[in-house]
Each structure stands twice: as C-alpha cells, then as structure tokens.
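Undergrad: Have a look at this one before I ask anything.
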Amino acid sequence: MNIPALTGARFFAAAAIVLYHSQLPPFFPADAFWPLDPSGGVPFFFVLSGFVLTLHAEKYRSHLQFMIARLARIWPAYLAAVAFWFALFWPYSRMLIESSGTQVAILVANLAMVQAWVPDRIVYWSINAPSWSVSAEMFFYAVFPAVLWRMRRHGLVWLALLTLAVIAAQMAVWTLFPGVDVLWLGRYNPVIYLPAFAAGVLAGHWFKATGRSPREGTRIQWGALALMLAANMLFKVEWLGALPLPLAMAIAATGAAPAYAALILALGRYDGGPSRWLSRPSIVFLGEISYGLYLFHQLIIRWHTDHLAAFSGVPVWGQYAGIWIAALLISAVCYLLIERPGRRGIVALGASARAALAQKRSGPISDRP
C-alpha cells in the first residue's frame, strides 16, 4: 500500500533535520532552530518506519526476505554517502583504510550499519554522524517480527510496558555503570527509540484494521499537525531538568512519538488539503530523495565549514542556498542512479540466492522419490 502524502511528508522531516544541523555560523546562531531539537525529524522517521513496515509485513515470507528487502532499501545510498565522505575528506579519511585496530573496527561498524550499537561517540559519530539513525533502523529491523506480533493484540498495553521496561533498563545502566556515555544512553542508543518505532507499528495495525475514511479530513490533518508541533515543543530537556539527565533526554527524544503517530494516521487515513498537497508529484519526488538528503547534507555542511575562507566573497544567504542546492542535486542523482538500481539489484540477487538454496535443499529431480 503506497500513501503518497507520507512520502511527501518525509521531505519536510528531513528538511527539519537539515535546519537543525544548520545551527552553525555563519548561517544561524546556536539554537536558532531550538524547537526542532532533538535532531529534528529523526523520531518522526522511526515512527513512520514502524507504520510503513507494518503495512507491508504480509508480503515477506520470512525474516530473511524482509532483511534483504530492507538492506536493498538503505544500503546503496548509505554506501554512496560513505564513499562521498572518503572523497570529500581525503587524505584524513585515508587513515581508516591504512590504520589497524580501532580505526578499522570503526570502519567495519559503519559499513555494517551497527555503529550506534556501540556506546562510544568516537564510533557512533564517526564518518557520517547522522547515519547513527540508520544504525538504529537496523536494530528495529532485527526485532521487527517480535514487535509486530506484540503490537497486534493489546498493543497499547504492550507499548506502555515496553516504554517502562526501556526506561527501567536505561536507569539501571546509568546507576550501575557511572562511566557510561550519557549522550549515547539518552539520545543515540537505538533501544531508547524502540517505543517510538513500536508506536508506529501499533498505528500501522490500527490503520490496517480500519482502512481509509471517506470523511474529508482537512481539519483533522491540520489539528494533528498542530498537536505534533506542540508536542515537539513540550518535550524538551530544558523542561525536564528535575529528572536524571539520561531519562530527561530519552523523554525529550521520544515523548512526541504518539503525536507523530497521530499525524501519520491523519495523513494516511483522510483525504484533506495537507495530504493532497503532500501528494503532488514534485513533493513526492522530494520525499523519495529525502533519504539521500539526510545522508549527504551534513557532509556538505562540514566541508563548507572547513573551507569558509574560500567563500568569503559570497553572501551568507548565497552560501546557504548553495548548500541546499548541492544537497538536493546530489540526493536526486543518488536516488536515480544508485538507490533505485541498487535496490533492484540486491532484491534480485536475494531472490536468486533463495531459489538456489531451495533447489539445493530439494535436491535433483532424479534423487526425489
């Protein structure tokens, strides 16, 4: 089931992340986009991921087939971004392939997309820092069958229990291991975002059970958007200062997840002004290239920051516009020439491997009774 409005919404979530990462001179003062904290639209993507995966769960006959499909979706552009980093920051990047030990392990963790599973910012922020969320997605893919099953019945109860369990585990780690990386524990730890992903799965189950509504939903969609913006403003570490820091960070990171789920349901279930606008072909295309925008934008910002002197004669607005144009163009090229062909190739390769394995298990026709 394809819902164009949700594809279009992905672009604006990615754009919020670009704005959040633009809080650097010479573009904007620090905290200029404070309402977008934490990390802009990242938790929205986690909720949306759970929702979309649930809608398409039945087409996968095994967890292996599901994992191959997800790898085909995220790996081609991800590898392209790693290659882009190597090219952009050479000769510094050469150290990762000429060194041994820790540096090589960091490179391997990045290529395997598990860097955020390691509680060390040298690892989870390495190479392309925003890709930590892709690593979190890999964790969600691994546990998706269990989450899908649990959310099918009594989903609200299981979601509440899961949230409490995650918070309890987090506080136990913080208490028992005082030297743990607090930033990882409260913000970059994939487990922290598991309730957000599960909220998306629950919303997906509800959508499948109820289907699309014939009602005109413009007011509902605008209301859901207002709720999401209010929730994003409400759940801030600054408002939660009385709580232990890791707990405050975790609540700030995922507290708005129910509001994200409500917006996703409103856009998917109803036909309204916002969903019609988001379904325009141009907006949908921007949504389709949003994964590349997410992967490439900070690399471009970092490169620009390293070469500020070369742009001293260019107005600040021109520099910022140039970053956006470069990021969008690179994302579009990546989508058309790498993402789509790479996805088809990996899916076809996986299908061939499964067919060969099935034939090997069944044996030659002459050997069958």
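Going from the start of the chain as shown, residues are counted 1 onward.
Cβ atoms here come from the backbone N, Cα and C positions, even for glycine.
Just so you know, TrEMBL annotations are computer predictions that nobody has curated.
Feature table excerpt (TrEMBL):
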DOMAIN    4-335  domain 'Acyltransferase 3'
TRANSMEM  32-53  transmembrane segment
TRANSMEM  74-92  transmembrane segment
TRANSMEM  122-144  transmembrane segment
TRANSMEM  156-176  transmembrane segment
TRANSMEM  188-207  transmembrane segment
TRANSMEM  219-235  transmembrane segment
TRANSMEM  247-270  transmembrane segment
TRANSMEM  282-301  transmembrane segment
TRANSMEM  321-338  transmembrane segment
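What does the local environment look like for each feature on the list?
TA: Cβ atoms under 8 Å from those of the transmembrane segment (74-92) belong to residues 110-111, 113, 127-128, 131, 134, 137, 291-292, 295-296, 299, 302-303, 330, 334-335, 338-339, 341-343, 346 of the same chain, restricted to positions at least 6 beyond its ends.
Within the same chain, residues 17, 21, 39, 42, 45-46, 49-50, 53, 63, 66-67, 70, 74, 78, 81-82, 85, 93, 96, 102, 106-107, 109-110, 113-116, 184, 188, 190-191, 193-194, 197, 201, 294-295, 297-299 sit at least 6 positions outside the transmembrane segment (122-144) and bring their C-beta atoms closer than 8 Å to a C-beta of that stretch.
Distant neighbours of the transmembrane segment (156-176): 150, 182, 185-186, 189, 191-192, 194-195, 198-199, 202, 244, 246-247, 250; these residues of the same chain sit at least 6 beyond its ends, with a Cβ under 8 Å from one of its Cβ atoms.
For the transmembrane segment (188-207), the list of distant contacts is 43, 46-55, 116-117, 119, 121, 124, 132, 135-136, 139-140, 143-144, 147-148, 150-152, 155-156, 158-159, 162-163, 166, 169-170, 250, 253-254, 257-258, 260-261, 264-265, 268-269: same-chain residues at least six beyond its ends, Cβ to Cβ under 8 Å.
Sequence-distant neighbours of the transmembrane segment (219-235) (same chain, 6+ residues past either end, Cβ-Cβ under 8 Å): 35-36, 251-252, 255-256, 258-260, 262-263, 265-267, 270, 272-275.
Long-range contacts of the transmembrane segment (247-270) within the same chain: residues 3, 5-6, 9, 37-39, 43-44, 46-48, 51, 166-167, 170-171, 174, 182-183, 185-187, 192-193, 195-196, 199-200, 202-203, 206-207, 210-213, 215-217, 220-221, 223-225, 227-228, 230-232, 234-237, 240-241, 278, each at least 6 residues beyond the stretch ends and with a Cβ under 8 Å from a Cβ of the stretch.
Within its own chain, the transmembrane segment (321-338) is flanked in space by residues 18, 76-77, 80, 84, 286, 288-293, 295-297, 300-301, 304, 314, which lie at least six positions past its ends and keep a Cβ under 8 Å from the stretch.
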Undergrad: Kindly state the mean pLDDT of the domain 'Acyltransferase 3' (4-335) in the predicted structure.
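TA: Average per-residue pLDDT within the domain 'Acyltransferase 3' (4-335): 89.
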